[in-house]
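The structure appears below as structure tokens.
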Amino acid sequence: MMMARKQDVRIPTYNISVVGLSGTEKEKGQCGIGKSCLCNRFVRPSADEFHLDHTSVLSTSDFGGRVVNNDHFLYWGEVSRSLEDCVECKMHIVEQTEFIDDQTFQPHRSTALQPYIKRAAATKLASAEKLMYFCTDQLGLEQDFEQKQMPDGKLLVDGFLLGIDVSRGMNRNFDDQLKFVSNLYNQLAKTKKPIVVVLTKCDEGVERYIRDAHTFALSKKNLQVVETSARSNVNVDLAFSTLVQLIDKSRGKTKIIPYFEALKQQSQQIATAKDKYEWLVSRIVKNHNENWLSVSRKMQASPEYQDYVYLEGTQKAKKLFLQHIHRLKHEHIERRRKLYLAALPLAFEALIPNLDEIDHLSCIKAKKLLETKPEFLKWFVVLEETPWDATSHIDNMENERIPFDLMDTVPAEQLYEAHLEKLRNERKRVEMRRAFKENLETSPFITPGKPWEEARSFIMNEDFYQWLEESVYMDIYGKHQKQIIDKAKEEFQELLLEYSELFYELELDAKPSKEKMGVIQDVLGEEQRFKALQKLQAERDALILKHIHFVYHPTKETCPSCPACVDAKIEHLISSRFIRPSDRNQKNSLSDPNIDRINLVILGKDGLARELANEIRALCTNDDKYVIDGKMYELSLRPIEGNVRLPVNSFQTPTFQPHGCLCLYNSKESLSYVVESIEKSRESTLGRRDNHLVHLPLTLILVNKRGDTSGETLHSLIQQGQQIASKLQCVFLDPASAGIGYGRNINEKQISQVLKGLLDSKRNLNLVSSTASIKDLADVDLRIVMCLMCGDPFSADDILFPVLQSQTCKSSHCGSNNSVLLELPIGLHKKRIELSVLSYHSSFSIRKSRLVHGYIVFYSAKRKASLAMLRAFLCEVQDIIPIQLVALTDGAVDVLDNDLSREQLTEGEEIAQEIDGRFTSIPCSQPQHKLEIFHPFFKDVVEKKNIIEATHMYDNAAEACSTTEEVFNSPRAGSPLCNSNLQDSEEDIEPSYSLFREDTSLPSLSKDHSKLSMELEGNDGLSFIMSNFESKLNNKVPPPVKPKPPVHFEITKGDLSYLDQGHRDGQRKSVSSSPWLPQDGFDPSDYAEPMDAVVKPRNEEENIYSVPHDSTQGKIITIRNINKAQSNGSGNGSDSEMDTSSLERGRKVSIVSKPVLYRTRCTRLGRFASYRTSFSVGSDDELGPIRKKEEDQASQGYKGDNAVIPYETDEDPRRRNILRSLRRNTKKPKPKPRPSITKATWESNYFGVPLTTVVTPEKPIPIFIERCIEYIEATGLSTEGIYRVSGNKSEMESLQRQFDQDHNLDLAEKDFTVNTVAGAMKSFFSELPDPLVPYNMQIDLVEAHKINDREQKLHALKEVLKKFPKENHEVFKYVISHLNKVSHNNKVNLMTSENLSICFWPTLMRPDFSTMDALTATRTYQTIIELFIQQCPFFFYNRPITEPPGARPSSPSAVASTVPFLTSTPVTSQPSPPQSPPPTPQSPMQPLLPSQLQAEHTL
């Protein structure tokens, strides 16, 4: 090295010797360790100059040549490199090896006879005229390579590179190699020269070998290891530069890079160079006919070409060029192929357009046919060489004709087949349209309501699918869906009718509870007709609700068979049978005068009623006509200001039956008068059969002449009025606002609102004729009802023909259109029979309200629903009333062939046998039956006439004496059908007498009233009236009875003590104190006398009532209740809890059991009877919590009709479990308008008051709502199920109470849960007197929602939104903006806009479920609220309409455009009220992207 520095001071020169395992195949294996490749890559790194094969087996001549020069080392030449410190140096590279004789396979003899280990460690090398080594091919051809001699023929070695092969070498043991290397290292170490271990062939390295090599190096002092790969050119330069740093201590230490990291860098460098080279080739080479020589010359000077050739070599560069040429040629051929294939259909259309010519030809035969066509050469060219894409034809751009050999390819065959299909499609389009329709009709997968997207998958593989366009599919499918949906709905309606017993047993009302709806779905769930509407659940639920509405409120209009309802047919038949020209005018004058007439009671003291009546009359025309919706109505007003117990102030008179009542007040005293008058009016009719005053529509109005809407007094009156309206279940109207006019009590808009409500109630009434009193029996002897099923496959004309054509048939005196009079000989005398022909649904209500001596019930033998309705009807009929069953068949042949007809005939006969009724069948083919077939039945009726009449009279008396809340709540007792539209009977218009005896030992009503008067003078008078009113509704109140001859009862002290005890127990017992005075022409001996006036404990055998057995002889039959349990659930008026003593104790009596219902006598009736007592009758809002009973209490039974029916032993366990889980107290709770947490504990001045009282123009948002939403957005946006999961009721009540006391309540400090706050917020809206979305706006919203076009629909909804009252609009905007924000976090809280709308629409809209429109529009309401939440920016912030659900903005700008609507506020001169909940730092605004998550509907 010192000599090198003397020669060149500037550029240092280092001599490096590369050593490692060498020798024969025995020592080193079949290949070397890679010393030559390492030297080759370092000295000549270009890929073209790198050689993998360097042999050590040489001939004697090669060994003696100038390159080897009889030495066992190779001189690789001189290399100049710039090291890391940018200092250039020169290196002479020498490889120490051992050459093998190719003859003896022993090492060649050399001048140095030392072993390899010692020879490799030599530091002085000398060989005169030794040439630089390139590769094996150089040996023997030295003149063909550059000849460069080793400098001065000698070198002094400055350092050693010790190579270790870490690959899996063939026939080489790595451990032996390590031993060799260890010995070699020890020898090299003696020279004191730097040594670096080089691991070669790391690209094929074995992990263990590499680890062992590092272990070996660590065992030596300061021995560095470099992992290399000469083939991949990884770390080769690093190995030599590391050794140079060790040689020259003054140079910086080289960082040794691990192999895989260096390999990654090298691979990235090669990949970058390749990409640049490919780009260069694609830019230069555009034609697939280019060659490598010309292109390589063009790229010679390009750095991209040079870099890639340097790294990968010329051969790889050429390979990439050829790949590019091949790709260009392929693309060119494909372009030509596409042109030819595109022209091929045109050639087919021109040459073979006739389907008949080619219909059955294959492509091969069609090819021959093409050659015969005259214009063949115009479209095709026949090439001498094939295939066409391998010939020069591909470059013949001028000839666009199709190569004929293209017809042999698969795409050409497919085009030919497509041409055939096209021709066939044109021929068979009409046929396939019909085939598609038939396929839809026969496919079992096409079910009602299945969307087209789902149905398409079932017909995709059908042959005819390709023959129809999408629009044709959808048109056919839409029509087919309409047909099958209509059919499925009809079948489902028939299913509901087949389960008539279930619906009547459940005693459903206008708002069925969730439990009852669950039972209905559970019972019907397994029916195929129920499952058929699985995809139309909304429509199915609407049908169920519609059917429930029909069951609860049966009219001709709600009848499922409308307009073919039996009632309409019967009315038409009877009216056309008896109408006469001379009677037309009379008939018109006798028609119902109330059709276009409104009778309105106005109740208000101190002149309020009279003043309002005058104001309303001032708005009417001269003849008291009022215009509503363009139609003229006669308005009859009855102002009442005094004591309603007096006849002059009675709500109803013989000529006036009210349709509604306006209740006016302007002070606490006038409000107390209203409550007391309503109480008295209802109380006076509790015992009547036409107690419709109990359900009279009421409207409570606060009169405020001055229009002053401020002040504590007014707010207090409003709040009290709302509470009273809630208790009375009536409408409360806000006081008339200022600007109406001086002196006005109510504006015209409010009057129209009230009258419209009355019209709606009036239209829903289908009043059955009032019950005939006993005195009317002088007109007719028997009253028979004939029941027909609507929709049965027979004609009512044929059934009634024998009746109407009978000579004895006459028009009914009562003028009814559904009854006739018959005079028939029964026994020895003629009897006058009133025959009423009604549908079953009209007959249900008269089973209890009308005196009926017998029923003739028809049913169709081939219709299940017909017999099911008959069973449901008979369940509630008393077993003393004779029944005639009539089965209608299609003839004897049909009965034999039809299993259903045979089964239903058999069941009808069995029912008749079990109830001791009569049965007959009439073929519909021979409907001209004779009335004589009913004569045995008429005889049965005559025999039981007396006991039926006595039973009817007793039931009315017993019902009056045991009236409970059921009178008010039962859908049967309270149904409009049970009321009368005719004038009251004389007994009904008599003034009410004292209900209790004026006896000091008995509770006195007069005392109650005196107490009431004293309490009214105090501040709590109103609350006392309401509590008194509720208590009277919840206790038994006897009816007023008429005077009767004095009858003295012996009431012992024990009796009175029992009564006192009962009074202390809270049971109100009543004793009639007024004598029963007979009227003119009244014979007391003809009628049963109620005998339940004396209060006594009953024995097992008790006197119930007495029946006149023979009026001429004065004998009386006393009927006793032998088995009390038989009266359970009868609904026929519960037994009085008072024992009675007979008026005829000394007379002979006969014992008869008290009548029961047919359901108790017939096993085929009442199969769903166990459901009757499983629920508390009422709507969801009325049910309240389940009341649990003790087992022993349940075993003792329950007195009266509401006793629990025990489970049957053979009952279905699943059904029994349902009943047990849903079992409720059988006593019906008093109806409540809505559960309110404020009613139970305190009277709030904030909750449950009108919205206008809790907002101001400065603060348009209620402070409570603002606090709740701020709290929820700060802590609860990520709460799963927010608004769906209910909060704790007691905590919600506590929150509202605390806020009521302190409006500055901090929710965070109180540590309320998020669900509690959310529930309290919903409760605030639920308790508003009117919903946040006004009812009149709901109608407009529904109409706007019906618009099909989405954009037009949204604009229409926005216009309706502008009509909201200002207060409602601001709060609605605030709440919807908050819900929109909640929906943005649906991935966390799982509350999408759909889920939120399901939870909120009942709270915000509160629809009136007493109307069918509201019942069937629930899905519409929910969708409207969902749209408001989804499109909140559009509705409230003038933003564009957002994408529909499932869409996403296509760019960041699109997203941004949907985000900031909540944060942008318009610049105004005044502070604007809060428009939406402010964004919190924890929850930044997110894009308004709709979500498709689903959640269950849980309110």
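Counting begins at 1 with the first residue displayed.
Using N, Cα and C of the backbone, Cβ positions are placed for all residues, glycine too.
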Practice task
Among 962-993, 1058-1089, indicate the range for which Swiss-Prot gives the feature region 'Disordered'.
Solution key: 1058-1089
Handout entry: Per Swiss-Prot, the candidate from Ser1006, Ser1111, Ser1236, Ser1294 carrying the annotation phosphoserine
Key = Ser1236
Completion exercise
Out of Tyr277, Tyr308, Tyr416, Tyr673, Swiss-Prot gives the annotation phosphotyrosine to Tyr308
Completion exercise
If you tally other C-beta atoms within 10 angstroms for each of the binding-site residues Leu52, Cys202, Ala230, the top scorer is Cys202
Handout entry: Helix, strand and coil residues within the domain 'FF 4' (485-550) as assigned by DSSP
Key = 52 helix, 0 strand, 14 coil
Problem - Other CB atoms within 10 A, centred on Lys28 (GTP binding site) - result: 24
Practice task
In three-state terms from DSSP, label Gln96 (GTP binding site) for me.
Solution key: strand
Exercise for the section: Give the sequence-ordered list of residues that share a chain with Tyr308 (phosphotyrosine), lie 6 or more positions from it, and have CB atoms under 8 Å from its CB. Expected result: Ala273, Lys274, Lys276, Tyr277, Lys316, Ala317
Exercise for the section: Have a look around Gln96 (GTP binding site) and count the other CB atoms within 10 A of its CB, chains all included. Expected result: 24
Problem - Tally of DSSP helical, extended and coil residues in the domain 'FF 3' (429-483) - result: 41 helix, 0 strand, 14 coil
